[in-house]
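What Swiss-Prot says about this protein:
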type	residues	note
REGION	1-28	region 'Disordered'
TOPO_DOM	1-118	topological domain 'Cytoplasmic'
MOD_RES	Ser27	phosphoserine
REGION	61-80	region 'Disordered'
COMPBIAS	66-75	compositional bias 'Low complexity'
TRANSMEM	119-140	transmembrane segment
TOPO_DOM	141-151	topological domain 'Extracellular'
TRANSMEM	152-174	transmembrane segment
TOPO_DOM	175-190	topological domain 'Cytoplasmic'
TRANSMEM	191-216	transmembrane segment
TOPO_DOM	217-224	topological domain 'Extracellular'
TRANSMEM	225-240	transmembrane segment
REGION	236-244	region 'Interaction with KCNE3'
TOPO_DOM	241-258	topological domain 'Cytoplasmic'
TRANSMEM	259-281	transmembrane segment
TOPO_DOM	282-297	topological domain 'Extracellular'
CARBOHYD	Asn287	N-linked glycosylation site
INTRAMEM	298-318	intramembrane segment
TRANSMEM	321-346	transmembrane segment
TOPO_DOM	347-673	topological domain 'Cytoplasmic'
REGION	368-380	region 'Interaction with CALM'
MOD_RES	Ser405	phosphoserine
MOD_RES	Ser407	phosphoserine
REGION	514-528	region 'Interaction with CALM'
REGION	534-571	region 'Interaction with KCNE1 C-terminus'
REGION	587-615	region 'Interaction with AKAP9'
REGION	588-619	region 'C-terminal assembly domain (tetramerization)'
REGION	619-673	region 'Disordered'
COMPBIAS	622-634	compositional bias 'Gly residues'
Amino acid sequence: MAAATSPPRAERKRWGGGRLPGARRGSAGLAKKCPFSLELAEGGPTGGALYAPIGPPGVPGPSSPAAPAASPAAADLGPRPRVSLDPRVSIYSARRPLLARTHIQGRVYNFLERPTGWKCFVYHFAVFLIVLVCLIFSVLSTIEQYVALATGTLFWMEIVLVVFFGTEYAVRLWSAGCRSKYVGIWGRLRFARKPISIIDLIVVVASMVVLCVGSKGQVFATSAIRGIRFLQILRMLHVDRQGGTWRLLGSVVFIHRQELITTLYIGFLGLIFSSYFVYLAEKDAVNESGQVEFGSYADALWWGVVTVTTIGYGDKVPQTWVGKTIASCFSVFAISFFALPAGILGSGFALKVQQKQRQKHFNRQIPAAASLIQTAWRCYAAENPDSSTWKIYVRKPSRSQALLSPSPKPKKSVMVKKKKFKLDKDNGLSPGEKMLAVPQITCDLASEEQRPDHFSVDGCDNSVKKSPTLLEVSTAQFTRTNSFAEDLDLEGETLLTPITHVSQLREHHRATIKVIRRMQYFVAKKKFQQARKPYDVRDVIEQYSQGHLNLMVRIKELQRRLDQSIGRPALFISSSEKVKDRGSNTIGARLNRVEDKVTQLDQRLELITDMLQQLLSLHRGGTPGSRAPGGGGAQVAQPCSGGSINPELFLPSNALPTYEQLTVPGRGPEEGS
């Protein structure tokens, strides 16, 4: 079966079963350098165009007339595999390409110099344990009762470590070539001049010298090379090759340099003065043994350092009460300043950790913000009729489609790569059986109207032949290898024509793209809001307090605007304040003025009515106080001063009344109608 589907290895190698050289330089280079050419085989059952390889001279190909007679059984196995037009992919081999040398260098360099992941952690932690065990045995070799045990074991451990560190140094030097600044001999020398590389080289050379000079397996036999033992302790620096510890310490010291300098300066002044005054008080004092403990200023400085650093050896003690008083006073003052740098550094480290956490939280917001900006811009650009807005949704025609389609009409194919891979994976088919199990169908847009049912026999490719071991396909019955839902999904993907130009986009395409972009915008907005959520309780409290402060400011501003527009409520202001507030332009003051005017108009209307009634009664000659002839029981008001009209009633008054005059007194029952 396998022999029938693929040519032999020797024949494959001879007739170009591997890469297709020269394909990147056009079809001319492909025709010159490739042992076989690609011929367009037309007249298939579906009218589609397929490329089939033409074999070497004397070997019948798929288009040769002798092909059906050469192997009848092979003709029933199904269609031949399509020839890939990608020059980087082999026709008969699907093996992964070999990793490039620079790629391997980069992976090794990242593994050694930029450790990330659990594998790197395990490796570097194992190296740390080995170095720590070697250091412990080095310490035990200096103890007399463990010399015999530790020295022999240490000798072999030193040999293993020298070989290991030497090999690792060479590998590091080789893998550094993946970076542009370390390429070549001068680049390697630049890498070797790094401080940590120099330390590694010194450790390897020192260990080699110790092993070479040592005799009879004794690592530290001679006293001449015992000084090199310190260089072997430098292996502990190998643990932190990236120098993150020193960078962190340096950044903390640099940030708090002013506070550290201040405390150290004042503490140093306290040390000098306290030592000097104690020396003056104790320079002639003699202890119980008859010796002068503070015979020089250097002895006093030593006592001061031991005292202010809270060590207290007790080798020098003040003898006089004057010296003890001076020592106690200055000790309290100086010890407090010498203890401050530890607290400053501790708080600096805590702030640094918090700053890194904030930076991590902020870095998580950057991709979300970028995605939100991008989606917002795309939503805005969707309203622009420019063609560049829609080019990202247009599929570029591949080189294989350009070669397979001689006519300008586009073709549709069932071979959807992702769906095919999923179906093959679900069915558990081997690579040699995939081409037999999945039918290859090509659809022509010109005959799309006359196309029968998609699930009928005529709608499938007749090139699917039966296989005695996989499935039986006859012309009268169609055998399904997939579920109905998968066939529907496959049908939905096959009926979609790829858009190759912006002009092919229709209004429903553009509307769908706008809807998708708007949905992407809402999703990106939600993710950005989730990324901006605070991660600490203190941040939550700070955010709430800041929000409460902003809310109070807004409420006060709103209250001020309401007071300016409406005015203060009448229940909370006195009469004098109302008088003062009447001249303002608030709504309340305007309403008060309107009410005053309405009251004044009401009074004038009543006055005019009384005057008209008096004039009417005088004109008719009636007695004062008599009823009007019209009846109605209304009594006419009597004229003032014996029939004369008060002229003050006709005087116009434009002056506004006071607030106390605004209230009209209620009429009694006798003043009614």
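The backbone N, Cα and C atoms fix where each Cβ goes, and this holds for glycine too.
Take the CB of Asn287 (N-linked glycosylation site) and look out to 10 A: across all protein chains shown you find 12 other CB atoms. Residues 267, 270-272, 274-276, 278-279, 281-282, 285, 287, 324, 326-327, 331, 334-335, 338-339 of the same chain, all 6+ positions outside the intramembrane segment (298-318), place their C-beta atoms under 8 angstroms from a C-beta of that stretch.
When each of 119-140, 152-174, 321-346 is checked for Cβ pairs under 8 Å to the transmembrane segment (191-216), 152-174 comes out on top. Long-range Cβ contacts of the topological domain 'Extracellular' (282-297) within its own chain (Cβ-Cβ under 8 Å, at least 6 residues beyond either end) map to 275-276, 303, 316-320, 323.
Secondary structure counts, DSSP: the region 'Interaction with CALM' (514-528) has 15 helix, 0 strand, 0 coil.
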